[in-house]
Amino acid sequence: MILRSISAMKEGFKLLPGYFGRAQQESLLQDVRDILRAAPFYQPTMPKSGQPMSVKMTNAGALGWMTDKQGGYRYQARHPVKNTPWPPIPDTLLALWDDVGGYDAPPEACLVNWYHGEKSRMGLHRDQDEDAPDAPVVSVSLGATALFRLGGPNRRDKTSSFRLSSGDVVVLGGKSRDFFHGVDRVYPETSTLMPSPQRINLTMRRVTRPDRG
């Protein structure tokens, strides 16, 4: 079942349709281009098999999320190919975090996922590599519409599916912070922001526990 209504959301999960208008989306896309000049996309691989994922990745912020056969899932402070620090998180995204995150410390990582073809997808997973599980996960969709699937804290829990369009924002907070989620498909010819069927997803996370004194 594909849902779009806010009333259908699970506890702590927020879908904010059209949070960013077209002009803001274009500005964010330019921010992504600026990130890529400093930190180009790289090909992540699965930790056990070494198989390449169907998306390409880069990061912004003090820390970047990584996966490969050698080191598994982890955060690190430098680009895996260039060995340079990640560029800063764009101000527009930091303002978004402040507006919708409800958290008293800034994000430290912004993962940039590039869905570059109709076969690009993201399997069901939970974000468990952070030491600040009370912080939300905040993400922005740019480009082609995607089919997002949200489950529960167990992999076999019932799932619901939502279409995410360009400019939509998703917040995984509260209990939903620990829920399985993924992207099952990308729909071609659904956005003119980028060449079809390309999609960019920007996901902000707090990685370390903030020092609250």
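Numbers here mean position along the shown chain, with the first residue as 1.
Using N, Cα and C of the backbone, Cβ positions are placed for all residues, glycine too.
Where the annotation comes from TrEMBL, it is an automatic prediction and has not been curated.
Sequence-distant contacts (6 or more apart, same chain, Cβ under 8 Å) of Tyr75 (substrate binding site) comprise Leu63, Gly64, Trp65, Met66, Ala109, Asp129, Glu130, Val207. Residues or ranges marked as substrate binding site in TrEMBL: Trp65, Tyr73, Arg74, Tyr75, Asp129, Arg155.
A simple way to gauge crowding: the CB of Leu202 (2-oxoglutarate binding site) has 24 other CB atoms within 10 angstroms, across all the protein chains here. For Asn113, Trp114, Tyr115, Arg199, Ile200, Asn201, Leu202, Thr203, Met204, Arg205, the entry in TrEMBL reads 2-oxoglutarate binding site.
What TrEMBL records for His125, Asp127, His181 is Fe cation binding site. Non-local contacts of His125 (Fe cation binding site) by the CB criterion (under 8 A, 6+ apart in sequence, same chain) comprise Phe180, His181, Gly182. His125 (Fe cation binding site) falls within a strand when secondary structure is assigned with DSSP.
Residues or ranges marked as domain 'Fe2OG dioxygenase' in TrEMBL: 106-208.
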Study note, to complete from the structure: Closest by Cα to Arg74 (substrate binding site), out of the binding-site residues Tyr115, Asp127, Ile200, is Asp127
Point to revise | Residues satisfying Cβ distance under 8 Å from Tyr115 (2-oxoglutarate binding site), sequence separation of at least 6 | key: Ser54, Val55, Arg121, Gly143, Ala144, Ala146, Val183, Val186, Pro197, Gln198, Arg199, Ile200, Asn201
**Study point:** Rounded Cα separation (Å) that holds between Met204 (2-oxoglutarate binding site) and Asp127 (Fe cation binding site)
**Key:** 11
Point to revise | Lowest local Cβ density (other Cβ within 10 Å) among binding-site residues: Asp127, Asp129 | key: Asp129
Check your understanding: Cα of Asn113 (2-oxoglutarate binding site) to Cα of Asp127 (Fe cation binding site): how many Å, rounded?
Key -> 15
